[in-house]
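**Q** One structure is given below, represented as C-alpha coordinates, and several questions about it will come after.
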Amino acid sequence: MEEPLILKNDHPAATASVEEDGLQQKSRNESLWMVYLSTFVAVCGSYVFGCCVGFSSPTQDAIREDLSLSLAEVESIIYSMFGSILTFGAMIGAITSGSLADLMGRKGAMRLSSAFCAAGWIAIYFAQGVVALDIGRLATGYGMGVFSYVVPVFISEIAPKNLRGALATLNQVMICGGASVSFIIGTFLTWRALALTGLIPCGILLIGLFLIPESPRWLAKRGRQKEFEVALQKLRGKDADIVEEAAEIKEYIETLDRLPKVKLLDLFNKRYLRSVIIGVGLMVAQQFGGINGVCFYVSNIFKSAGFSPSVGTITYAILQVSGSGLVLACLITGLSFYLKVNELALNYVPAMAVTGILLYIGSFSAGMGAVPWVIMSEIFPINIKGAAGALATLVNWFGAWAVSYTYNFLMSWSSYGTFLVYAAINALAIVFVIKVVPETKGRTLEQIQAAING
(Lines of atoms letter the chains of each structure in order from A and count residues from 1; the text may use other names and numbers.)
(Lines give C-alpha, C1' and ligand atoms only; values in the text may rest on other atoms or scores of the structure.)
Protein backbone atom coordinates (compact mmCIF):
# COMPACT_ATOMS: atom_id res chain seq x y z
CA MET A 1 0.00 0.00 0.00
CA GLU A 2 1.36 3.43 -0.94
CA GLU A 3 2.11 6.01 1.71
CA PRO A 4 -0.10 9.12 1.42
CA LEU A 5 1.55 12.21 -0.07
CA ILE A 6 0.04 14.37 2.70
CA LEU A 7 0.48 12.92 6.16
CA LYS A 8 -2.20 13.28 8.80
CA ASN A 9 -1.29 15.11 11.99
CA ASP A 10 -1.58 11.95 14.08
CA HIS A 11 0.78 10.00 11.80
CA PRO A 12 4.16 9.33 13.55
CA ALA A 13 6.14 10.80 10.64
CA ALA A 14 3.95 13.92 10.61
CA THR A 15 4.36 14.32 14.36
CA ALA A 16 8.13 14.02 14.05
CA SER A 17 8.14 16.54 11.19
CA VAL A 18 6.12 19.06 13.21
CA GLU A 19 8.40 18.62 16.21
CA GLU A 20 11.49 19.09 14.00
CA ASP A 21 10.03 22.24 12.44
CA GLY A 22 9.25 23.57 15.89
CA LEU A 23 12.79 22.90 17.09
CA GLN A 24 14.23 24.56 13.98
CA GLN A 25 12.04 27.64 14.50
CA LYS A 26 13.05 27.79 18.16
CA SER A 27 16.70 27.48 17.17
CA ARG A 28 16.34 30.28 14.60
CA ASN A 29 14.70 32.54 17.17
CA GLU A 30 17.41 31.83 19.73
CA SER A 31 20.16 32.42 17.16
CA LEU A 32 18.88 35.93 16.42
CA TRP A 33 19.10 37.25 19.97
CA MET A 34 22.21 39.27 19.03
CA VAL A 35 20.28 40.95 16.18
CA TYR A 36 17.54 41.93 18.65
CA LEU A 37 20.05 43.15 21.24
CA SER A 38 21.97 45.15 18.62
CA THR A 39 18.74 46.73 17.39
CA PHE A 40 17.69 47.63 20.94
CA VAL A 41 21.04 49.29 21.62
CA ALA A 42 20.89 51.23 18.32
CA VAL A 43 17.33 52.50 18.83
CA CYS A 44 18.34 53.95 22.18
CA GLY A 45 19.83 56.60 19.90
CA SER A 46 16.41 57.01 18.30
CA TYR A 47 14.92 57.47 21.77
CA VAL A 48 17.49 60.19 22.51
CA PHE A 49 16.42 61.81 19.21
CA GLY A 50 12.80 61.83 20.43
CA CYS A 51 13.76 63.27 23.81
CA CYS A 52 15.49 66.17 22.05
CA VAL A 53 12.42 66.87 19.90
CA GLY A 54 10.00 66.66 22.82
CA PHE A 55 11.95 68.79 25.29
CA SER A 56 11.00 72.33 24.26
CA SER A 57 7.20 72.10 24.19
CA PRO A 58 6.49 71.38 27.91
CA THR A 59 9.33 73.54 29.28
CA GLN A 60 8.65 77.03 27.92
CA ASP A 61 6.95 78.57 30.97
CA ALA A 62 9.26 76.87 33.47
CA ILE A 63 12.42 78.11 31.73
CA ARG A 64 11.03 81.64 31.59
CA GLU A 65 10.25 81.66 35.31
CA ASP A 66 13.43 79.93 36.47
CA LEU A 67 15.82 82.10 34.44
CA SER A 68 13.76 85.28 34.95
CA LEU A 69 13.34 85.82 31.22
CA SER A 70 10.69 88.05 29.72
CA LEU A 71 7.92 86.47 27.67
CA ALA A 72 9.40 88.01 24.52
CA GLU A 73 12.84 86.57 25.33
CA VAL A 74 11.58 83.07 25.99
CA GLU A 75 9.45 83.08 22.85
CA SER A 76 12.55 84.10 20.92
CA ILE A 77 14.58 81.33 22.54
CA ILE A 78 12.06 78.51 22.36
CA TYR A 79 10.30 79.21 19.10
CA SER A 80 13.12 80.89 17.22
CA MET A 81 16.66 80.23 18.45
CA PHE A 82 15.97 77.35 20.85
CA GLY A 83 13.78 75.58 18.31
CA SER A 84 15.66 76.32 15.11
CA ILE A 85 19.13 75.83 16.59
CA LEU A 86 18.21 72.20 17.18
CA THR A 87 17.56 71.68 13.47
CA PHE A 88 20.63 73.77 12.59
CA GLY A 89 22.78 71.43 14.69
CA ALA A 90 21.05 68.47 13.07
CA MET A 91 21.91 69.81 9.61
CA ILE A 92 25.59 69.94 10.61
CA GLY A 93 25.28 66.42 11.95
CA ALA A 94 23.64 65.29 8.72
CA ILE A 95 26.45 66.76 6.59
CA THR A 96 29.08 64.85 8.58
CA SER A 97 27.06 61.69 9.31
CA GLY A 98 27.96 59.73 6.18
CA SER A 99 31.68 60.45 6.42
CA LEU A 100 31.73 59.68 10.15
CA ALA A 101 29.89 56.39 9.69
CA ASP A 102 32.24 55.39 6.86
CA LEU A 103 35.40 56.44 8.72
CA MET A 104 34.63 55.45 12.33
CA GLY A 105 32.17 52.65 11.67
CA ARG A 106 28.49 52.57 12.54
CA LYS A 107 29.24 51.95 16.23
CA GLY A 108 31.82 54.71 16.36
CA ALA A 109 29.38 57.21 14.86
CA MET A 110 26.68 56.24 17.38
CA ARG A 111 29.19 56.53 20.22
CA LEU A 112 30.15 60.05 19.11
CA SER A 113 26.50 61.07 18.70
CA SER A 114 25.67 59.85 22.18
CA ALA A 115 28.58 61.82 23.65
CA PHE A 116 27.38 65.02 21.93
CA CYS A 117 23.82 64.50 23.18
CA ALA A 118 25.01 63.79 26.74
CA ALA A 119 27.17 66.93 26.71
CA GLY A 120 24.20 68.92 25.42
CA TRP A 121 21.87 67.69 28.15
CA ILE A 122 24.46 68.53 30.82
CA ALA A 123 24.88 72.04 29.38
CA ILE A 124 21.09 72.56 29.45
CA TYR A 125 20.86 71.25 33.03
CA PHE A 126 23.51 73.67 34.32
CA ALA A 127 22.37 76.61 32.15
CA GLN A 128 21.97 79.95 33.90
CA GLY A 129 21.26 81.95 30.76
CA VAL A 130 20.43 81.92 27.09
CA VAL A 131 23.93 81.10 25.77
CA ALA A 132 24.29 77.82 27.68
CA LEU A 133 20.81 76.76 26.62
CA ASP A 134 21.64 77.38 22.97
CA ILE A 135 25.00 75.57 23.21
CA GLY A 136 23.28 72.58 24.78
CA ARG A 137 20.57 72.58 22.15
CA LEU A 138 23.15 72.84 19.34
CA ALA A 139 25.06 69.84 20.73
CA THR A 140 21.95 67.68 21.07
CA GLY A 141 20.92 68.75 17.56
CA TYR A 142 24.26 67.59 16.16
CA GLY A 143 23.85 64.22 17.84
CA MET A 144 20.31 63.96 16.45
CA GLY A 145 21.52 64.62 12.93
CA VAL A 146 24.06 61.80 13.06
CA PHE A 147 21.65 59.41 14.79
CA SER A 148 19.00 60.03 12.15
CA TYR A 149 21.34 58.58 9.51
CA VAL A 150 23.41 55.96 11.26
CA VAL A 151 20.73 54.14 13.29
CA PRO A 152 18.54 53.00 10.35
CA VAL A 153 21.64 52.20 8.30
CA PHE A 154 23.12 50.05 11.08
CA ILE A 155 19.85 48.16 11.59
CA SER A 156 19.43 47.48 7.86
CA GLU A 157 23.00 46.17 7.63
CA ILE A 158 22.74 43.72 10.54
CA ALA A 159 19.20 42.39 10.11
CA PRO A 160 18.29 39.33 8.01
CA LYS A 161 16.07 40.20 5.07
CA ASN A 162 12.90 38.73 6.62
CA LEU A 163 13.22 40.94 9.71
CA ARG A 164 14.80 44.07 8.26
CA GLY A 165 11.62 46.08 7.66
CA ALA A 166 10.09 45.29 11.04
CA LEU A 167 13.27 46.09 12.96
CA ALA A 168 13.94 49.27 10.96
CA THR A 169 10.50 50.68 11.86
CA LEU A 170 11.54 50.52 15.54
CA ASN A 171 13.65 53.59 14.75
CA GLN A 172 10.52 55.72 14.26
CA VAL A 173 8.66 54.01 17.11
CA MET A 174 11.44 54.93 19.54
CA ILE A 175 11.65 58.51 18.21
CA CYS A 176 7.93 58.85 18.88
CA GLY A 177 8.34 57.12 22.23
CA GLY A 178 11.08 59.51 23.34
CA ALA A 179 9.07 62.55 22.26
CA SER A 180 5.89 61.22 23.88
CA VAL A 181 7.56 60.49 27.20
CA SER A 182 9.16 63.95 27.21
CA PHE A 183 5.79 65.58 26.45
CA ILE A 184 4.09 63.69 29.27
CA ILE A 185 6.69 63.71 32.08
CA GLY A 186 7.61 67.29 31.17
CA THR A 187 4.24 68.32 32.65
CA PHE A 188 5.36 66.89 36.03
CA LEU A 189 9.16 67.28 36.18
CA THR A 190 11.19 70.47 36.34
CA TRP A 191 12.88 71.38 33.07
CA ARG A 192 16.31 70.64 34.56
CA ALA A 193 15.18 67.18 35.72
CA LEU A 194 13.71 66.56 32.27
CA ALA A 195 17.12 67.36 30.75
CA LEU A 196 18.74 64.79 33.06
CA THR A 197 16.35 62.06 31.89
CA GLY A 198 17.91 62.45 28.45
CA LEU A 199 21.18 61.10 29.87
CA ILE A 200 19.65 57.69 30.66
CA PRO A 201 19.31 56.40 27.06
CA CYS A 202 22.71 57.93 26.23
CA GLY A 203 24.27 55.85 29.01
CA ILE A 204 22.47 52.67 27.93
CA LEU A 205 23.66 53.18 24.36
CA LEU A 206 27.29 53.81 25.32
CA ILE A 207 27.40 50.69 27.50
CA GLY A 208 25.47 48.57 25.02
CA LEU A 209 27.86 49.35 22.18
CA PHE A 210 30.52 47.31 23.99
CA LEU A 211 28.25 44.24 23.85
CA ILE A 212 27.29 44.17 20.16
CA PRO A 213 29.23 43.60 16.92
CA GLU A 214 30.00 46.18 14.26
CA SER A 215 28.09 46.12 10.97
CA PRO A 216 29.46 43.17 8.94
CA ARG A 217 28.96 45.05 5.68
CA TRP A 218 31.05 47.97 6.92
CA LEU A 219 33.79 45.59 8.09
CA ALA A 220 33.77 43.88 4.68
CA LYS A 221 33.96 47.26 2.94
CA ARG A 222 37.03 48.12 5.05
CA GLY A 223 38.71 44.82 4.15
CA ARG A 224 38.61 43.46 7.70
CA GLN A 225 37.79 39.93 6.60
CA LYS A 226 38.20 38.03 9.87
CA GLU A 227 36.19 40.57 11.87
CA PHE A 228 33.52 40.54 9.15
CA GLU A 229 33.03 36.79 9.46
CA VAL A 230 33.04 36.89 13.27
CA ALA A 231 30.46 39.70 13.36
CA LEU A 232 28.17 37.99 10.83
CA GLN A 233 28.39 34.69 12.75
CA LYS A 234 27.48 36.44 16.02
CA LEU A 235 24.46 38.05 14.39
CA ARG A 236 23.21 34.85 12.76
CA GLY A 237 24.00 32.48 15.64
CA LYS A 238 26.96 30.18 16.36
CA ASP A 239 25.37 27.23 14.52
CA ALA A 240 24.11 29.21 11.51
CA ASP A 241 25.56 28.62 8.05
CA ILE A 242 26.75 32.05 6.89
CA VAL A 243 28.71 30.90 3.82
CA GLU A 244 26.11 31.92 1.24
CA GLU A 245 25.27 35.30 2.82
CA ALA A 246 28.94 36.13 3.38
CA ALA A 247 29.77 35.27 -0.22
CA GLU A 248 26.93 37.44 -1.54
CA ILE A 249 28.04 40.42 0.57
CA LYS A 250 31.71 40.04 -0.42
CA GLU A 251 30.90 39.61 -4.11
CA TYR A 252 28.76 42.73 -4.15
CA ILE A 253 31.35 44.80 -2.29
CA GLU A 254 34.13 43.58 -4.59
CA THR A 255 32.02 44.72 -7.55
CA LEU A 256 31.54 48.14 -5.97
CA ASP A 257 35.24 48.45 -5.11
CA ARG A 258 36.07 48.25 -8.81
CA LEU A 259 34.06 51.43 -9.36
CA PRO A 260 35.74 54.85 -9.00
CA LYS A 261 35.49 56.68 -5.67
CA VAL A 262 32.20 58.54 -5.51
CA LYS A 263 32.01 62.32 -5.03
CA LEU A 264 28.88 64.32 -4.28
CA LEU A 265 28.24 65.27 -7.91
CA ASP A 266 28.64 61.63 -8.95
CA LEU A 267 25.38 60.86 -7.10
CA PHE A 268 23.53 62.48 -9.99
CA ASN A 269 25.01 60.15 -12.59
CA LYS A 270 22.50 57.91 -14.34
CA ARG A 271 23.75 54.82 -12.44
CA TYR A 272 22.71 56.19 -9.05
CA LEU A 273 20.15 58.82 -9.96
CA ARG A 274 17.03 56.72 -9.31
CA SER A 275 18.08 55.74 -5.79
CA VAL A 276 18.98 59.37 -5.01
CA ILE A 277 15.61 60.60 -6.32
CA ILE A 278 13.80 58.04 -4.17
CA GLY A 279 15.80 58.79 -1.02
CA VAL A 280 15.72 62.58 -1.31
CA GLY A 281 12.14 62.64 -2.61
CA LEU A 282 10.86 60.72 0.41
CA MET A 283 12.65 63.11 2.77
CA VAL A 284 11.08 66.10 1.01
CA ALA A 285 7.66 64.46 1.25
CA GLN A 286 8.16 63.67 4.92
CA GLN A 287 9.15 67.17 6.03
CA PHE A 288 7.25 69.50 3.70
CA GLY A 289 4.01 67.76 4.61
CA GLY A 290 4.11 69.98 7.70
CA ILE A 291 5.21 67.67 10.52
CA ASN A 292 7.57 70.08 12.27
CA GLY A 293 5.15 72.99 12.07
CA VAL A 294 2.56 70.83 13.82
CA CYS A 295 5.05 69.32 16.28
CA PHE A 296 6.77 72.53 17.41
CA TYR A 297 3.56 74.58 17.67
CA VAL A 298 1.07 71.95 18.85
CA SER A 299 0.28 73.78 22.09
CA ASN A 300 -0.45 77.01 20.19
CA ILE A 301 -2.72 75.15 17.76
CA PHE A 302 -4.77 73.68 20.60
CA LYS A 303 -4.91 77.04 22.37
CA SER A 304 -6.03 78.93 19.25
CA ALA A 305 -8.74 76.32 18.65
CA GLY A 306 -10.11 76.81 22.17
CA PHE A 307 -8.92 73.43 23.53
CA SER A 308 -6.85 72.78 26.69
CA PRO A 309 -3.16 72.83 25.64
CA SER A 310 -2.03 70.44 28.41
CA VAL A 311 -4.76 67.85 27.79
CA GLY A 312 -4.31 68.10 24.03
CA THR A 313 -0.52 67.77 24.23
CA ILE A 314 -0.68 64.64 26.42
CA THR A 315 -3.25 63.06 24.09
CA TYR A 316 -1.04 64.02 21.14
CA ALA A 317 1.88 62.26 22.82
CA ILE A 318 -0.12 59.06 23.38
CA LEU A 319 -1.34 58.95 19.78
CA GLN A 320 2.11 59.32 18.21
CA VAL A 321 2.53 55.59 17.79
CA SER A 322 -0.42 54.66 15.49
CA GLY A 323 -3.00 55.83 12.91
CA SER A 324 -3.42 56.76 9.19
CA GLY A 325 -4.65 59.56 6.88
CA LEU A 326 -2.33 62.60 6.58
CA VAL A 327 -4.33 64.23 3.80
CA LEU A 328 -7.64 63.80 5.62
CA ALA A 329 -6.09 65.17 8.81
CA CYS A 330 -4.89 68.34 7.07
CA LEU A 331 -8.25 68.85 5.40
CA ILE A 332 -10.10 68.50 8.73
CA THR A 333 -7.75 70.94 10.45
CA GLY A 334 -7.92 73.39 7.53
CA LEU A 335 -11.72 73.22 7.53
CA SER A 336 -11.82 73.96 11.26
CA PHE A 337 -9.80 77.16 10.77
CA TYR A 338 -11.92 78.09 7.74
CA LEU A 339 -15.06 77.83 9.89
CA LYS A 340 -13.43 79.89 12.62
CA VAL A 341 -12.30 82.66 10.25
CA ASN A 342 -15.78 82.86 8.72
CA GLU A 343 -17.54 82.46 12.10
CA LEU A 344 -19.41 79.35 11.02
CA ALA A 345 -20.31 76.42 13.33
CA LEU A 346 -18.00 77.81 16.02
CA ASN A 347 -19.07 75.17 18.55
CA TYR A 348 -17.49 72.47 16.37
CA VAL A 349 -14.19 74.23 15.68
CA PRO A 350 -12.20 73.05 18.76
CA ALA A 351 -13.21 69.41 18.32
CA MET A 352 -12.42 69.46 14.58
CA ALA A 353 -9.02 71.10 15.06
CA VAL A 354 -7.97 68.66 17.77
CA THR A 355 -9.26 65.67 15.78
CA GLY A 356 -7.32 66.81 12.72
CA ILE A 357 -4.05 67.32 14.61
CA LEU A 358 -4.25 64.03 16.50
CA LEU A 359 -5.11 62.16 13.30
CA TYR A 360 -2.22 63.91 11.57
CA ILE A 361 0.44 62.92 14.09
CA GLY A 362 -0.88 59.37 14.33
CA SER A 363 -0.84 59.01 10.57
CA PHE A 364 2.65 60.45 10.28
CA SER A 365 4.08 58.16 12.93
CA ALA A 366 2.61 55.03 11.35
CA GLY A 367 3.58 55.83 7.76
CA MET A 368 5.60 58.75 6.47
CA GLY A 369 7.53 59.09 9.73
CA ALA A 370 9.08 55.63 9.44
CA VAL A 371 9.07 54.72 5.75
CA PRO A 372 11.64 57.25 4.37
CA TRP A 373 14.28 56.19 6.91
CA VAL A 374 13.69 52.50 6.24
CA ILE A 375 13.88 52.97 2.45
CA MET A 376 16.89 55.29 2.71
CA SER A 377 18.80 52.65 4.70
CA GLU A 378 18.09 50.02 2.01
CA ILE A 379 18.42 51.59 -1.44
CA PHE A 380 21.91 53.14 -1.51
CA PRO A 381 24.84 50.87 -2.52
CA ILE A 382 27.50 50.81 0.18
CA ASN A 383 30.03 52.71 -1.99
CA ILE A 384 27.69 55.75 -2.11
CA LYS A 385 25.85 55.16 1.16
CA GLY A 386 27.91 57.74 3.05
CA ALA A 387 27.53 60.56 0.54
CA ALA A 388 23.96 59.75 -0.54
CA GLY A 389 22.77 59.11 3.01
CA ALA A 390 24.29 62.38 4.20
CA LEU A 391 22.57 64.24 1.33
CA ALA A 392 19.17 62.70 2.10
CA THR A 393 19.55 63.39 5.82
CA LEU A 394 20.65 66.97 5.14
CA VAL A 395 17.58 67.53 2.93
CA ASN A 396 15.43 66.12 5.72
CA TRP A 397 16.80 68.49 8.34
CA PHE A 398 16.71 71.46 5.99
CA GLY A 399 13.05 70.67 5.44
CA ALA A 400 12.52 70.45 9.21
CA TRP A 401 14.06 73.89 9.66
CA ALA A 402 12.19 75.43 6.70
CA VAL A 403 8.78 74.16 7.81
CA SER A 404 9.21 75.16 11.46
CA TYR A 405 10.53 78.59 10.42
CA THR A 406 7.78 79.33 7.89
CA TYR A 407 4.85 77.93 9.88
CA ASN A 408 4.01 81.17 11.70
CA PHE A 409 4.26 83.18 8.49
CA LEU A 410 1.90 80.77 6.72
CA MET A 411 -0.57 80.86 9.61
CA SER A 412 -0.51 84.67 9.50
CA TRP A 413 -1.27 84.51 5.79
CA SER A 414 -4.12 81.99 6.14
CA SER A 415 -4.70 79.51 8.95
CA TYR A 416 -6.87 77.18 6.87
CA GLY A 417 -4.80 77.79 3.73
CA THR A 418 -1.71 76.51 5.58
CA PHE A 419 -3.26 73.10 6.13
CA LEU A 420 -4.63 72.96 2.59
CA VAL A 421 -1.05 73.44 1.36
CA TYR A 422 0.11 70.62 3.63
CA ALA A 423 -2.77 68.43 2.39
CA ALA A 424 -1.75 69.02 -1.24
CA ILE A 425 1.90 68.15 -0.52
CA ASN A 426 0.87 64.95 1.28
CA ALA A 427 -1.39 64.02 -1.67
CA LEU A 428 1.57 64.47 -4.04
CA ALA A 429 3.66 62.32 -1.69
CA ILE A 430 1.17 59.48 -2.09
CA VAL A 431 1.51 59.69 -5.87
CA PHE A 432 5.32 59.75 -5.58
CA VAL A 433 5.35 56.62 -3.42
CA ILE A 434 3.00 54.73 -5.76
CA LYS A 435 4.85 55.68 -8.95
CA VAL A 436 8.51 55.74 -7.91
CA VAL A 437 9.25 53.87 -4.67
CA PRO A 438 9.91 50.11 -5.12
CA GLU A 439 8.81 47.25 -2.88
CA THR A 440 11.77 46.04 -0.78
CA LYS A 441 10.16 43.39 1.41
CA GLY A 442 11.79 39.94 1.35
CA ARG A 443 14.84 41.02 -0.67
CA THR A 444 18.46 41.38 0.43
CA LEU A 445 20.10 44.79 0.35
CA GLU A 446 22.23 43.69 -2.57
CA GLN A 447 19.17 42.58 -4.57
CA ILE A 448 17.33 45.84 -3.86
CA GLN A 449 20.28 48.01 -4.86
CA ALA A 450 21.04 46.02 -7.99
CA ALA A 451 17.40 46.28 -9.12
CA ILE A 452 17.21 50.04 -8.57
CA ASN A 453 20.62 51.00 -9.90
CA GLY A 454 20.82 48.51 -12.73
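Backbone N, Cα and C define each Cβ position, glycine as well.
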**Q** Given the ranges 1-22, 45-66, which one is assigned the annotation region 'Disordered' in TrEMBL?
**A** 1-22
**Q** Using a Cβ distance cut-off of under 8 Å, indicate which of 33-57, 191-212, 387-407, 419-437 has the most pairs with the transmembrane segment (166-185).
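**A** By Cβ pairs under 8 Å, 33-57 leads among 33-57, 191-212, 387-407, 419-437.
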**Q** Quickly jot the same-chain residues contacting the transmembrane segment (112-133) by Cβ under 8 Å, restricted to those at least six beyond its ends, or write none.
**A** 45, 48, 52, 55, 63, 67, 69, 73, 77, 81-82, 93, 100, 104, 139-144, 146-147, 150, 192, 195-196, 198-199, 202-203, 205-206
**Q** Same-chain Cβ contacts of the transmembrane segment (191-212) under 8 Å, 6 or more residues past its ends?
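**A** For the transmembrane segment (191-212), the nonlocal Cβ contacts are 34, 37-38, 40-42, 44-45, 47-48, 51-52, 55, 58-59, 62-63, 66, 107, 110-111, 114-115, 117-118, 121-122, 124-125, 136, 140, 178, 181-182, 185.
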**Q** Rank 33-57, 387-407, 419-437 by Cβ pairs under 8 Å to the transmembrane segment (139-159) and hand me the top one.
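**A** Ranked by Cβ pairs under 8 Å, first place goes to 33-57.
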